[in-house]
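Encoded as structure tokens, the structure appears first; notes follow it.
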Amino acid sequence: MVLFGNNLSVQRCLTFATGLVECLCFAGAVFGWASLVFVLKSENYFSSLCVNTTESNGTQVLDCSHQDEQFSLVFTTASFMNNFMTLLSGFLFDHFGTMVTRFCAVSFYTTATLMLAFGNPALSNLLFPALSFLAVGGIMFLITNMQVGNLFGSRRSTIITLYNGAFDSSSALLLVIKLLYESGISLRASFLFLSACGVIHLLRTFFLLPKKFIPYPLPDDYTYGITCGKSQTRNIENRAEKSSTEDGLEETPLNRSVPQTQVKSFRQCFLSWFFLWHMVWLSVMQLRHYFFIGTLNPMLQHLTKGDPSLVSRYTNAFAITQLCGVLCAPWNGLIMDRHKGKPRAAGESEREADLRASVLSLFLTALQCVFFSVCATTAYLPLQYLTFILQVINRSFLYGGNAAFISVAFPSCHFGKLYGMVLALSAVFALLQYPCFALVKGALNGDPLYVNIALTLVSLLAFIHPLYVYLHCRKLSSQRGASGSY
């Protein structure tokens with residue numbers, strides 16, 4: 001029995017560690033777009049859109065604004081698919097489980113890397129499906145990995161935010177590809193290597209993850225993956241899944257004398273004020289980040305007056321700071337888990353304690369976004385180093401906090417659907433980044449100042465969400481106090 005327990009502990013630690021590596025090295029690669037654009041421009045992708053123009057003094061210059069616009073459209077499409085397809089991924093995960101979802105993830109990701117490996121400037125439009133598949137495959141990896149937090153109950157939020165931070169940091173993968181390219185290693189070789197890594201993802205799917213789900217709370221005898229005791233393992237896993245599923249059903253208990261709390265339906269969760277303000281909170285900040293990432297290359301071109309060495313230096317600095325996402329995200333998880341293990345107030349439920357702890361996290365995330373946006377708005381090149389730091393801190397708090405809040409505010413049986421729904425709806429809002437970019441390139445003559453000011457003002461809407469959660473928790477506390485006085 002002791003040996004079995006030790007083996008189980010080792011398996012859970014391996015599941016956690018390999019999941020972290022998977023999120024860190026693969027899942028969010030699409031957000032390293034600024035590094036890839038630099039390489040794609042060197043490879044002359046969409047170069048036919050550059051035209052010679054004559055300035056007022058008679059000097060001929062090469063105008064590549066339409067090329068920049070096309071690259072921005074590629075990223076807009078990929079980021080939209082990253083979020084919108086999360087809705088379908090969530091339904092897929094909730095209905096068919098881990099194994100089926102991961103098979104789809106590996107298929108999408110490998111197809112994307114093969115497209116990028118065999119693409120060339122004559123097939124520039126292949127970037128649209130390639131980056132979209134890369135984004136969809138990556139978000140499926142993240143969805144199937146976040147359940148690993150259920151294996152470590154008291155640190156559940158910390159692990160969820162850590163994985164989301166690793167997802168953010170994986171954008172540095174394309175920086176590595178850029179540096180390898182500058183060292184003489186072709187894009188084809190780099191992306192073929194990533195395609196071959198699909199075998200590793202499949203091995204992890206079979207041996208270190210369940211066929212269906214990791215339940216929460218976790219049964220004492222829960223095991224998963226392919227082991228020597230296959231029959232026993234599968235029976236235990238099936239029992240856990242059945243118990244987890246039944247917890248999510250709205251039904252009348254057989255023993256009517258035992259009080260049970262009825263679980264909210266998906267429709268009730270979706271139509272709640274919690275979900276509405278959470279969607280606003282995510283959408284306005286995500287739009288700010290997407291616009292910044294999608295326009296980083298032309299912004300640096302504008303601030304450096306087209307100096308390629310400076311553009312490359314700042315692009316590298318931005319990509320390197322993305323590595324810090326995995327270090328920043330656990331801070332948010334620790335903020336949300338800070339009450340675990342401490343005695344709760346009389347009559348206070350675990351869910352209420354979790355919601356109360358989330359208020360500070362939601363507020364700090366909104367505050368960080370405002371600071372980041374103000375720095376990004378300031379047209380001073382050296383200040384962009386601070387902008388990069390604030391951006392990665394805020395982004396790691398944003399996505400980690402998004403997943404952690406959904407996991408504590410709503411029933412676990414709806415997690416995949418609600419997580420997918422909020423990202424899908426925020427993706428529709430994020431489509432505004434392309435008209436914003438077109439406005440900058442057109443009417444504003446390449447100066448993003450007014451668009452940045454507008455986005456900063458819009459990001460202030462994010463403060464409504466923590467205020468609403470705070471008022472809700474205070475109302476529940478007042479009701480407990482009133483009932484306790486009788």
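Yeah, the Cβs are placed from backbone N, Cα and C, and that goes for glycine too.
Nobody curates TrEMBL annotations by hand; they come from automatic prediction.
Per TrEMBL, these features apply:
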TRANSMEM  12-39  transmembrane segment
TRANSMEM  71-93  transmembrane segment
TRANSMEM  100-120  transmembrane segment
TRANSMEM  126-148  transmembrane segment
TRANSMEM  160-181  transmembrane segment
TRANSMEM  270-293  transmembrane segment
TRANSMEM  313-336  transmembrane segment
TRANSMEM  357-382  transmembrane segment
TRANSMEM  388-410  transmembrane segment
TRANSMEM  422-444  transmembrane segment
TRANSMEM  450-471  transmembrane segment
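Most Cβ pairs under 8 Å to the transmembrane segment (450-471), among the stretches 12-39, 71-93, 126-148, 270-293, 422-444, belong to 270-293. Within its own chain, the transmembrane segment (313-336) is flanked in space by residues 20, 24, 31-32, 34-35, 38, 155, 157-169, 171-172, 174-175, 178-179, 296-297, 300, 304, 354, 357-358, 360-361, 364-365, 381, 384-385, 388-389, 391-393, 395-397, 400-401, 404, 408, which lie at least six positions past its ends and keep a Cβ under 8 Å from the stretch. Contact between the transmembrane segment (12-39) and the transmembrane segment (126-148) is supported by 3 or more Cβ pairs under 8 Å, counting only residues 6 or more apart in sequence.
The stretch in 71-93, 126-148, 160-181, 270-293, 388-410 that contributes the largest number of Cβ pairs under 8 Å to the transmembrane segment (357-382) is 388-410. Segment contact holds for the transmembrane segment (388-410) and the transmembrane segment (160-181), given three or more CB pairs below 8 angstroms at sequence separation of 6 or more.
By the count of Cβ pairs under 8 Å, the stretch nearest in packing to the transmembrane segment (422-444) among 71-93, 160-181, 270-293 is 71-93.
Cβ atoms under 8 Å from those of the transmembrane segment (160-181) belong to residues 19-20, 23-33, 35-36, 38-39, 42, 138, 142, 145-146, 148-149, 187, 190-191, 315-316, 319-320, 322-330, 332-333, 336, 392, 395-397, 399-404, 407 of the same chain, restricted to positions at least 6 beyond its ends.
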